[in-house]
Amino acid sequence: MAASATTVTSASSKRNDASVNGSANGASMSPVERDAIETKYRDFFWTYTEEPHRTRRLAIIKAHPEVTKLCGHEPRTKYVVAGVVALQLALAHLLRDTSFWSWKFWAVAYVFGATSNQNLFLAIHEISHNLAFRSPLANRLFAIFANLPIGAPYSASFRPYHLTHHKSLGVDGLDTDLPTAFEAIFLDSILGKAFFCTFQIFFYALRPMMVYRVPFTWVHWLNVAVQVAFDYTLIALLPAYFSINSLLYLLLSSFLAGSLHPTAGHFIAEHYVYETVTPTARNPANGLEIPETYSYYGPLNFFTYNVGLHNEHHDFPAIPWSRLPVLHEIAKEFYSDLPHHRSWTYVIWRFIFDEGLGMRCRVKRKQGGRVVGGGSTKAKVADWKEDEIEA
């Protein structure tokens, strides 16, 4: 039976000894030599191999061709999204006269608001794969609707960056889910990681634009216009139902959803390397296989469109949230031995306090993949095909 990644022996307690003392010459190494080895491989986990999901997808289809029938849109998604949007508007109405600094305001925002807006973040993730409707245009427009309680426009920009993450998993300069060099250098400490986890919503929102830019299309402009009109309506046009506190509630919900909140653990759990590995494993010449995607099997998948089934999602991005558990059961022999998580809360706690985990615990590759739409990123401006961004 596969061991959960959350039960693997702490990397901080074994990494140094296993990598240096465990070597043939480790016992005779001086502290200076040890530090030299540690410094040399204090970097991301570099690999020259292809990302694993395409290979596993082909193997699963060969063994279980019926899984292709699971692909397609999920009609229930639109009803779930509508219900969560209605819930957030109802709570924004009820809190219109409640002080922003009151414990009640923050408690409701943390328990209900953050969970709801995380649900909407991941609804937009589903919709970005065209899994809510058959029509690409309907998906683009519905993503803008799902964006409303989040308070800031992002659904149109999220899609091209996220699809590139799939096409170019771990590729340096293309996959904007990877921490930048600045983050790796300045946030790779307990305090730095705590800061990152607290404010990670801003890192995920701003980092892609620092790596490369996508052009604004009519979808982006519509996303901005609709969101600004919605926010203005809340604070100015419907004073009997909403107030500035209503908008502050929605924005606080979004912030907490990407902060120290149990559901925010998925941001870290999905691709940070949680296995006990030695620093020399970061040397691609050693050819050691490092897991780069981790699934989470736990109750919070209920609120998050099964995003925890992340290996399954990367293997088959065209399978919607409701059928990912079916895929897992059909192809269980491909997933049962993969490292995985059982608790997103523990993922956050261990990420912050385990010295063996940090911003550099990501698999990177210098080649392969592509920006969706093709083109170069030399000028940090992707050569996108506009129709592909809008599709």
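Note that Cβ sites are derived from N, Cα and C of the backbone, with glycine treated the same way.
What TrEMBL says about a protein is an automatic prediction, not a curated fact.
Under the heading region 'Disordered', TrEMBL lists 1-29. Here TrEMBL flags 1-13 as compositional bias 'Low complexity'. Annotation source TrEMBL lists compositional bias 'Polar residues' at 18-28. The domain 'Sphingolipid delta4-desaturase N-terminal' annotation in TrEMBL covers 39-77. Positions annotated as transmembrane segment by TrEMBL: 79-95, 107-125, 137-156, 184-206, 218-242.
Distant neighbours of the domain 'Sphingolipid delta4-desaturase N-terminal' (39-77): 123, 126-127, 130-134, 169-170, 178, 184, 273, 277, 279-284, 289-290, 292-293, 305, 311, 314-316, 318-323, 326-327, 330-331, 334, 360-369; these residues of the same chain sit at least 6 beyond its ends, with a Cβ under 8 Å from one of its Cβ atoms. With a cut-off of 8 Å between Cβ atoms, the residues of this chain six or more beyond the transmembrane segment (218-242) that come close are 92-93, 96, 140, 143-144, 147-148, 151-157, 250, 389-390.
Panel annotation: around the transmembrane segment (79-95), residues 105, 108, 112-113, 116-117, 119-120, 123, 132, 142, 145-146, 148-149, 234, 241-242, 245-247, 249-250, 253 of the same chain, lying at least six beyond its termini, place a Cβ under 8 Å from a Cβ of the stretch. Here the domain 'Sphingolipid delta4-desaturase N-terminal' (39-77) returns a mean pLDDT of 89 for the predicted model. Taking DSSP states H, G and I as helix and E and B as strand, the domain 'Sphingolipid delta4-desaturase N-terminal' (39-77) has 21 helix, 2 strand, 16 coil.
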